[in-house]
Amino acid sequence: MEMGSDGEDQKIRSVVGDANLNNKKKKIDNNSSSKDGRVKPKRQMKTPFQLETLEKVYSEEKYPSEATRAELSEKLDLSDRQLQMWFCHRRLKDKKDGQSNKPVKSSVAAVQSASVNELPAAAGSVPEQDSRSDSGSESGCSPYSNSRRNFASGSSSSRAELDEYETMGKPSYESRLSTMVHRAIVCIEAQLGEPLRDDGPILGMEFDPLPPGAFGTPIAMQKHLLHPYESDLYERHDPRPRRSHAAARSFHEQQSLDDPSSFTPNMYERYSENHARGMDYEVARSRISSFMHANGPVPRSYVTPGHASRNCSTSQQDMPSPIESAHHGDRFLLEKDSSVLGTEDPYLLPDGVRKSSDVHRKGKINDGRLGRGSETRENHGPKDLEKLEIQRKKNEERMRKEMERNERERRKEEERLMRERIKEEERLQREQRREVERREKFLQRENERAEKKKQKDEIRREKDAIRRKLAIEKATARRIAKESMDLIEDEQLELMELAAISKGLPSVLQLDHDTLQNLEVYRDSLSTFPPKSLQLKMPFAISPWKDSDETVGNLLMVWRFLISFSDVLDLWPFTLDEFIQAFHDYDSRLLGEIHVTLLRSIIRDVEDVARTPFSGIGNNQYTTANPEGGHPQIVEGAYAWGFDIRSWKKHLNPLTWPEILRQLALSAGFGPKLKKKHSRLTNTGDKDEAKGCEDVISTIRNGTAAESAFASMREKGLLAPRKSRHRLTPGTVKFAAFHVLSLEGSKGLTVLELADKIQKSGLRDLTTSKTPEASISVALTRDVKLFERIAPSTYCVRAPYVKDPKDGEAILADARKKIRAFENGFTGPEDVNDLERDEDFEIDIDEDPEVDDLATLASASKSAVLGEANVLSGKGVDTMFCDVKADVKSELEKEFSSPPPSTMKSIVPQHSERHKNTVVGGVDAVIDESNQGQSWIQGLTEGDYCHLSVEERLNALVALVGIANEGNSIRTGLEDRMEAANALKKQMWAEAQLDNSCMRDVLKLDLQNLASSKTESTIGLPIIQSSTRERDSFDRDPSQLLDETKPLEDLSNDLHKSSAERALINQDANISQENYASKRSRSQLKSYIGHKAEEVYPYRSLPLGQDRRHNRYWHFAVSVSKSDPCSRLLFVELHDGKWLLIDSEEAFDILVASLDMRGIRESHLRIMLQKIEGSFKENACKDIKLARNPFLTEKSVVNHSPTDSVSPSSSAISGSNSDSMETSTSIRVDLGRNDTENKNLSKRFHDFQRWMWTETYSSLPSCARKYGKKRSELLATCDACVASYLSEYTFCSSCHQRLDVVDSSEILDSGLAVSPLPFGVRLLKPLLVFLEASVPDEALESFWTEDQRKKWGFRLNTSSSPGELLQVLTSLESAIKKESLSSNFMSAKELLGAANAEADDQGSVDVLPWIPKTVSAVALRLSELDASIIYVKPEKPEVIPEDENEQISLFPRDSPFKGKGPREQEDQDEVAPNPGNRNKKRARVSLGSGSNRKVKRKKAQSGLNKFVVGRRNVAVNSNLMAVELNHQVPGKGKRTVRKRPERIDEDNSHLVNRMANIVRPKSEEVEEDEEEEEQTFRDINEDWAAGETPREMEEDWANETPNRMMTPMQVDDESDNSVGVESEDEDGGGQFVDYSQRNKWGLDWNSNLNVAIEEDEEEEVVGVGRVEGEDDAEMSESSEDDDVPANNAANNYDRESEGYSSSDS
């Protein structure tokens, strides 16, 4: 190759020529490959990181070993073959390059090494590239590749790096290179007007075209700049070098230097392809990727032809050097920038400035190139220069023509696009016009259709109105025809009679439609009913009964409730006059027994719910797990006031019940309200929830406080009526229809209108139903009690349920709220099924006597909760219990909803269970003095129950009945009775239908014989006669009226008569009468059957019936016995609430004769009156014969004891006759107005005193009598007058009876009458004496010497009031050591402080201010002290964990009366007796309280063996001593009724007989066995010396488990009363329900006795107690733990009261 004079210039030319040759060959190769249609397989390009690593290894080792290749293969992710090929090609490349350009290679190598070292670490992350080169080693292996990369990098354009690059070459090369570079840089900086940036793009960089619309560029203009017509722009280019590359290099080098025009490209073989290869790969890649990131994939039109084929495959080898780029500076640069690429740099100057500067710059570059080329062309001749000039001109001409052609094509393209855009706009306008026209036509059609529909609807409505009018007329005609055979509403019948009389018509059948529609105009003409001829009397002549009808209603309500549920409450039946007399007596045994049994029922309900876990909302509200039935508000209130419900249960007896009643009333909210300083009600969950009991009730177990549970249950409907057959379930169609129709009044709505209003009201979504009208019709038709059909498809609610439309919004909002509450929490599928069943039954049987007897108001839902009685006050708003329930509910709601006004009180009524630092309900709890509650609570605080007035006593009993009626005990009984009554109704109705069908068959035969003598006209005779004939019938004898309805009478009175007998009776009856009776007897018989079924199973209090004015008639009689004075009384409750009385035979006959048999209500009333007519008249005649004082004068005297004066005539509140009306004398009340009444009063009062003495003195204090070691008593008690005296006396200081001759078996009436002290005070003295004598000596303080003891006895003997006795009791408390008392008991010394509790010189001590100064409060405190004294010091037992299932805690969370351990001190019933002598023989025996209902005491769980503490007075034999008392773990609240299996084993039968003897009265058998029993217990006592007592076991167990709560309500005698059921037979052979299937003596009847005996032979002795005597055992048997008052009249308290089974209910 011929070289110029300048050697350095020759080297540069060779380098540039070599690059050009490679580029052209690659393009030719690419074109040829694309023409052949064969696509070369893609080769994997190596990443820069791989190449750098390979280069480093190659520089160290050109022939790497196999280990080196393996390491490289793993590191670079290349195969061994790829590595071998790369090193082979690398060695070949070095060999080839070394031969051709050794000087240049050496100069560039330094630059290459420096550039390689600067390779970024992230090069390996560059995506793999596409390449079509044959050798992978060609990429990056050229000695110029790295030098080009250095120029192509972002920093290579800076002068600093260029200078550094220039210093690497030789001096001759560096001077020429730096000159060229400086020239290019100066030219560019002059164009830009500012220095080049070091971090800017490389010189000659071709930028991507702008995206469409960038910087405001029109989209259409952007497209046509890309020259889409040049097909070669998209041809794939093959960059692979040819084999002839090296051979042709010298020619191209010479051509590129000598002929600059050879670099001018055409449109199909562009310079930009070679120039684009000079761009750094990373820069080009980042440009394209950044565009793709922002705008999606790069369109091919925005990529240059070089990029289109090599954007991912350009190799560094193909990049031209800056020196070569400087030689390509003719006009092609301008053309390329403006027309080919069509790109603009947004960072440069505007278009005009940029293009002119580019032309200027490129012109300088061309001049420089020509100047440099002239040096080489100086040696050529003029011809050569001329040829070159000609060639240049040709090239310029060709370029100009090409540019003109491109411009023409561009204009054509713009014109075409403009035409297309205009056409598109015209097309869119045409479519828009067509759409507007289409919409106008559609709206026009819709308007026409709506107009046609409106016209059709108007025509249809007119037709419907005509059709409805015709249907109404037809329905009226049918109703009139039906009324001729069916009964009519009583008031409507009377209005029809008045209308017929006014129009002169003989019968109501002749009334026209208009008259029947306007019967209301005759309402003012209605006469009073009952008629004035019926002389009604005032029922009572004394106060307070004659002063208030509400008081009379409350009295009758309470009596009816107690009689109806006497079996559930375990009360003996009593008459109404006995009940009234009890209120007027000074102290009544009957009222005491009633209060005790009601309190026990309430406590039992609380215990049941506390024992039964509450699983949540899905529980049935009628099960015993219903938390509301467990009185959560009472539990909440008891905690707030500091009362202990367990103490109520253990110490409830005839002496303490008034104080427990007071505490219960305060807890229930009847007394003054508790609140905090900031006018907030107390809350049990305030801040100390974790410190208190975990199980107040099941709702607290569930994690909620009792108050919130009460509120949520009330919101969710748990306080709703109990299973009413006409109940409205929220969310149903019936519920929605009722609320909508109740606002419409009597006019009603059609089904269509009703459906529309229901949908609009939001009470029910009817769009989900395909046939909503049918659903509404079915729902309304099935319930005729609430809804009435007044026309075809038109319904309304009955008159009592109509509401004011003005309140419509509030009513509907309340209904929607109920629906939401129902959906959120409460679901009861069982209820729904029961409701459906009852509705099915309702189709066949009308269980209610009359329509309006259900609940005459919307408030019926509240009354149904009470369950037992209907309204006893004639007001429509009053239901069931005559407003008493409403009063109770209002008090409860007031307690928990509206806090009372803020008032402070320094001393709040706390009880000893509270710690001295705590206050009621919390630190800030105070009493609101502005609202003291009901007066009887204040009376019980200030005095005893005997000091209450009659009205206060009644109010207290009403409140107690209201609470008990909400409990689960009553609810369960009601549920059982309701189901039994429904089943009986079905059975009776089926039998009646069967008998009726048989009777009709017989009558058909008889009618054939009678047809000849009867005319056919009489067959269809209407039953409704004219008013004249009907009035004539009233004047006849009632017996004649009965003859007209003999078929009905016979059918209803005796359903079990044979059909033949009834056929004979009806044989001579008139055919019209037969037809009349057969048509109307169905509804009457339904009413009669319903009434009879509810008499057998009463679940509500039903009157005999109602008359036309809705006056109610009641017969309050226990039985039809002549001894019952109420059997001859008929109470009338007028509609205005007034109570009157019918007590004569004449008045009864007038009432029966005035009733209209054609009316619904009066027809049923007449049947019921005829049913009781016989007994009523017989007893009334007997009463007339009795000589009575006609009238009594009123004496307003306060209650006092008959023994307070010589003449006890002023014993109670008396009354006088009424001035306005005659007063009945049928109910007599003894008020001490004569000697007979005084004698009766004294007799009853002495009977009460004997009962109190028997029930309390022999059993209290119970623990002291069972476990105490009695010392000598300080005082003795007179058996004649119950007076205390010093023990050294021989005569009683009160009755002056000689003590050694007094019969101790009976208290003398004369002795009781002479004592000046109240009986309660006299009774407390011997109890205190016995308690003091039973306290162990080691339990007393050191100061309690014999002298101090005598002083205490003297003070006790001189005490004459409950307050003085409380001081004496407090003195005894302070004398007992703290360690000898239960940790749960807080003495007055601890609560008030030791300084305040010390006695002064006179002996008075400070007592607890919150304990009332009453006999019952002192007795309750005495019982609590007795239960807390540790009479026997226990020994340490084996520590055995307790059964968690028995943990039933009613402690409040932060209650201070919980001890150090949960069972450190249990009830005193568990205390073991004194240990006796040691004995090697060991056995297990049951120990416990001496009552007939045993507490299930703590069970130490050791394997399957558990021990309990049984009763001490069980006369066991040797076989019993080895019995282990295993019993099952109780189920979670489920009642299990099991038959007691028959025992044929001789030992077992003997054991049962021995157990049964315990509850028998004292007899000779007991006395015979006394010696054997004492010997038995004596032997067992000896074993205690070697063992441990239960008391020590309890304390150690409590110390082991300090964090467990004490079980306050174990399943003891009284708890068994709540969950157990014993049959009425006292021989123990009936059903018995118990949580653990144990009998009342603690034995497991379901276990094998023989196996238990064998297993117990190896058990350790738990211990037994010392028996003090059979007398004490017998006394404690009936009254100790349970304190059930013994009722000798009915023997109900001599046996165990365990509740009643479903059969008994």
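Yeah, the Cβs are placed from backbone N, Cα and C, and that goes for glycine too.
Since the structure is predicted, the reported quantities are computational estimates derived from the model, not experimental observations.
Swiss-Prot lists region 'Disordered' for one of the ranges 80-106, 296-322, 674-700, namely 296-322.
Looking up the ranges 430-461, 1198-1229 in Swiss-Prot, the one annotated as region 'Disordered' turns out to be 1198-1229. Swiss-Prot tags one of the stretches 237-267, 826-856 as region 'Disordered', and that stretch is 237-267. Per Swiss-Prot, the listed range annotated as DNA-binding region is 39-98 (candidates: 39-98, 879-938, 999-1058, 1479-1538). Across the domain 'HTH HARE-type' (731-800), the DSSP tally of helix, strand and coil residues reads 36 helix, 11 strand, 23 coil. The DSSP breakdown of the domain 'DDT' (549-608), given as helix, strand and coil counts, is 49 helix, 0 strand, 11 coil.
Here the DNA-binding region (39-98) is broken down by DSSP into helix, strand and coil counts: 43 helix, 2 strand, 15 coil.
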